[in-house]
Amino acid sequence: MPRCFQLPCSTRMPTTEVPQAADGQGDAGDGEEAAEPEGKFKPPKNTKRKNRDYVRFTPLLLVLAALVSAGVMLWYFLGYKAEVTVSQVYSGSLRVLNRHFSQDLGRRESIAFRSESAKAQKMLQELVASTRLGTYYNSSSVYSFGEGPLTCFFWFILDIPEYQRLTLSPEVVRELLVDELLSNSSTLASYKTEYEVDPEGLVILEASVNDIVVLNSTLGCYRYSYVNPGQVLPLKGPDQQTTSCLWHLQGPEDLMIKVRLEWTRVDCRDRVAMYDAAGPLEKRLITSVYGCSRQEPVMEVLASGSVMAVVWKKGMHSYYDPFLLSVKSVAFQDCQVNLTLEGRLDTQGFLRTPYYPSYYSPSTHCSWHLTVPSLDYGLALWFDAYALRRQKYNRLCTQGQWMIQNRRLCGFRTLQPYAERIPMVASDGVTINFTSQISLTGPGVQVYYSLYNQSDPCPGEFLCSVNGLCVPACDGIKDCPNGLDERNCVCRAMFQCQEDSTCISLPRVCDRQPDCLNGSDEEQCQEGVPCGTFTFQCEDRSCVKKPNPECDGQSDCRDGSDEQHCDCGLQGLSSRIVGGTVSSEGEWPWQASLQIRGRHICGGALIADRWVITAAHCFQEDSMASPKLWTVFLGKMRQNSRWPGEVSFKVSRLFLHPYHEEDSHDYDVALLQLDHPVVYSATVRPVCLPARSHFFEPGQHCWITGWGAQREGGPVSNTLQKVDVQLVPQDLCSEAYRYQVSPRMLCAGYRKGKKDACQGDSGGPLVCREPSGRWFLAGLVSWGLGCGRPNFFGVYTRVTRVINWIQQVLT
């Protein structure tokens, strides 16, 4: 508050009375002097003494003058100076018990709305003014009404001294207003006389000036809807005459609002934001999506309660109704579980947030208690595209907070698998708590759980502490981000003889010719062995020592599963690609040409009677994302003419690997489901898919095929081309590309260049021939620097690292 110096109204100075004679005359000894007229100043007779008095009091007077001057200056600079204020915006709602909602009040353009909103705004202003907040009042607005006892939605602005800004939180402001509503004051204000305001129903939220700007921009297309229980309410699309719209959604207080958004196009630039409030409050943002969101063509979003705001903003190139909106009110779901696990190591179940896969609610709190059968086991949580990491306690978790064994972890989205391993130290199990700390949420979280042996967490493999995954060890590929799986290796990507630790190449193991000193490479070739990096796992989960036993004409598994699904990998006839030669008809019967409107775009490979595999980056452009656009040709030789043996198919479904990242080309694989089955022939048949343990040896010669350009910058080839390339060690390739090569990639080519894939070959197959004569799919043409440049190899998607996803989609 201003501070002032209170000055006296008058100052009384001390005076000295001059003694008077009894007769009223002057000094008797001065008879000759005449008396001075009344009122005229008569100087004292002793003037020297008086001057000495002035001199004596001068320092005191100067000190007094200085003090007065200093006081005036302090008053001016400290008290008189205007205080710095900040505009604090609040948004909220209140219920009026003696008013009821009508359809007219739901339309902002109606006379009833304008009249009632003016009265309600006056009531709100009077309510604020009746508290100590009235000194700071700036402006207010009632912008909408809702169902039930009439609900008023409003905002108001207070100009608050800066030093008080933090003291007037929404909670404090609400308390002041509620106290006034509950008081017994005899005021004639309308909030006491005309409106019966429910104090318990008052909601105050923090807002900003920008929130009001966004709200005002939508008032030309403002739509209020009340959602009854059990009702699925379709919402009218945006008004294309405006640039933004707002859907104000409200339901019963004991239910949650759930919005479903489905994009109808793949190439729009519109933005849709959803808020956990009646208005577009940035601090209550749940999620925001842009550009038709190809990654999430359909999404369902939960509010924390009975209100939600959805705001649409037109893109640069807008289309009529680029999305469909619907809403319903749903009950709160319990998220408390107690589970007792069995003493086995396979996946035993899953935990998930309410209404998964819907976005979890901003009010989500889950508590899961899991009990293990003994302390021999630890608990593993398996996440998909979601991971946990430690976070400073003064920072909020934006994608969910996890509390596990007194450890605080924050969730975050990632395009990688992740496992959280929890060692058991107490027999009563572990409690896992998941909480949403802020309004911003994300897709529902689902986590699978299993047990692991604490003394041997990854039998035959390496436990990567960075992500909790079991990865192959000493196979020449750094699967763990810190590379520890490839350290201290005696025989990297080779077999180690037991007797003298000699290293021999894997193809020489179980080939009926002893290479180790005591023949250990030929032992246990007809019986089960512990599973490891290069052992083949049969369907009965037993493992065989022989490398690459699948489809070699010899049954190695006891259940014969290594020789199942072997109608693949055989060429129909015996007999671009930079540096390549023309192929013969039927030489590569799995080769596919992916076309749009008669134009070859990418290559691919047939892997089953209704499935073609290719590269995911072929579909990264919005204009190429719809499966309806594509036609797949099989048995084709020339692009400008049809052969008797070629057939064509439409694409019914398109699957991109969920971890595919456009910038890095990681997980660059896609599957196309054909509209009808393929009839195999001499010119059309599938290539063999490798097992996860299949070993493609560096230095091995393989082949790539396609209709791509025969030189960098050149036109695509009319005739199917083929070229042989050599598989390159992973560390050599990674070094050439400055360590941008992931474990899901492999390299092939030559140091001198010349032989390589090029533009138009993307998604085409890299195939390698096994001693059995069958061809296996080792890679898919993905990326590279130029075409056939020296010291830069071609980079391919490593099929063995994505085979689990492929099999999952196919089955």
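Just so you know, glycine gets a Cβ as well, placed from its N, Cα and C.
Feature annotations, reproduced from Swiss-Prot:
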REGION    1-48  region 'Disordered'
COMPBIAS  8-18  compositional bias 'Polar residues'
TOPO_DOM  81-811  topological domain 'Extracellular'
DOMAIN    86-209  domain 'SEA'
DISULFID  C335-C366  disulfide bond
DOMAIN    445-477  domain 'LDL-receptor class A 1'
DISULFID  C458-C470  disulfide bond
DISULFID  C464-C480  disulfide bond
DISULFID  C474-C489  disulfide bond
DOMAIN    478-514  domain 'LDL-receptor class A 2'
DISULFID  C491-C503  disulfide bond
DISULFID  C497-C516  disulfide bond
DISULFID  C510-C525  disulfide bond
DISULFID  C538-C557  disulfide bond
DISULFID  C551-C566  disulfide bond
DISULFID  C602-C618  disulfide bond
DISULFID  C702-C768  disulfide bond
DISULFID  C758-C787  disulfide bond
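Feature map: Swiss-Prot annotations on the structure.
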{"residue": "C470", "record": "disulfide bond", "DSSP (3 states)": "strand"}
{"residue": "C489", "record": "disulfide bond", "DSSP (3 states)": "coil"}
{"residue": "C503", "record": "disulfide bond", "DSSP (3 states)": "strand"}
{"residue": "C510", "record": "disulfide bond", "DSSP (3 states)": "coil"}
{"residue": "C516", "record": "disulfide bond", "DSSP (3 states)": "coil"}
{"residue": "C557", "record": "disulfide bond", "DSSP (3 states)": "coil"}
{"residue": "C566", "record": "disulfide bond", "DSSP (3 states)": "coil"}
{"residue": "C702", "record": "disulfide bond", "DSSP (3 states)": "strand"}
{"residue": "C787", "record": "disulfide bond", "DSSP (3 states)": "coil"}
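Per DSSP, the domain 'SEA' (86-209) is made up of 51 helix, 49 strand, 24 coil. If you check the disulfide-bonded residues C335, C470, C503, C525, C538, C566 against C480 (disulfide bond), the ones with a Cα inside 10 Å of its Cα are C470. Applying DSSP to the domain 'LDL-receptor class A 1' (445-477) sorts its residues as follows: 0 helix, 12 strand, 21 coil. Of all the disulfide-bonded residues given, namely C489, C768, the one with the smallest number of surrounding CB atoms inside 10 A is C489. The disulfide-bonded residues considered are C335, C566, C758, C787; of these, C566 has the fewest other C-beta atoms within 10 angstroms of its C-beta. Taken residue by residue with DSSP, C618 (disulfide bond) is part of a helix. With every protein chain in view, the residue among the disulfide-bonded residues C510, C551, C618 whose Cβ has the most Cβ partners within 10 Å turns out to be C551. The distance from the Cα of C557 (disulfide bond) to the Cα of C768 (disulfide bond) comes to 23 Å. According to DSSP, C525 (disulfide bond) is assigned to coil rather than to any helix or strand.
All chains included, 20 other C-beta atoms sit within 10 angstroms of the C-beta of C474 (disulfide bond).
Every protein chain considered, the tally of other Cβ atoms within 10 Å of the Cβ of C538 (disulfide bond) stands at 20.
Rounded to a whole number, the distance between the Cα atoms of C525 (disulfide bond) and C497 (disulfide bond) is 14 Å. With a cut-off of 8 Å between CB atoms and residues at least 6 apart in sequence, the same chain places L594, T614, A615, C618, G760, S762, G763, G764 near C602 (disulfide bond), listed in sequence order. Geometry remark: C464 (disulfide bond) versus C491 (disulfide bond), CA distance 20 Å. According to its DSSP assignment, C602 (disulfide bond) is in a strand. Cβ crowding, taken as the number of other Cβ atoms within 10 Å, peaks at C464 among the disulfide-bonded residues C464, C525.
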